[in-house]
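Worksheet: one structure, shown below.
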Amino acid sequence: MNMKTLLALAVSAVCSVGVAQAHEHNTIPKGASIEVKVQQLDPVNGNKDVGTVTITESNYGLVFTPDLQGLSEGLHGFHIHENPSCEPKEKEGKLTAGLGAGGHWDPKGAKQHGYPWQDDAHLGDLPALTVLHDGTATNPVLAPRLKHLDDVRGHSIMIHTGGDNHSDHPAPLGGGGPRMACGVIK
């Protein structure tokens, strides 16, 4: 082998390693995931299956990918709640859907609702869930402060009837209103 051939091979090898490293750096490897069964809440007639939300680890945080149907069109508050329960409970003498889930998950004691990337807000605050006119939701949302599946195991996913302004004003907890659908994260 002559010197020119050796030099060409060496340059080619170095370039190949550089391209491989650049490609590896720009991809998002799919990590571990959990599939959560979601039900529309009805404390009187019983809950009804509406699909799943798959939670996946990524380099940028947890990704929540819904595969839901039969929901009302529009933006809906979407949160991680404290307890692994979607059961109804009584509040002020009235059976309330999903109350067994507790409040928004707030392990750091922020005591305020906010944006999913806001450090001084509930850790369970997620981007709003978009439901299309046909009642389906398939658009993933990213929770950048949540990094590992173990962060959310033993809690629940909650979808509220109304949207979410990511503030406690003018209405508390983003104004999402009643609990519409729920799933326990196992």
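Just so it is clear, glycine is given a Cβ too, placed from its N, Cα and C backbone atoms.
Among H104, H133, the residue that Swiss-Prot places alongside H113, H122, D125 at the Zn(2+) binding site is H104. The Cβ of H104 (Cu cation binding site) has 24 neighbouring Cβ atoms from other residues within 10 Å, across all protein chains displayed. C86 (disulfide bond): 24 other CB atoms within 10 A of its CB, across all protein chains. In the three-state DSSP reading, H160 (Cu cation binding site) counts as strand. Spatially, by CA atoms, the binding-site residues H81, H104, H122 include one closest to C182 (disulfide bond), and that is H81. Geometry remark: H104 (Cu cation binding site) versus H122 (Zn(2+) binding site), CA distance 7 Å.
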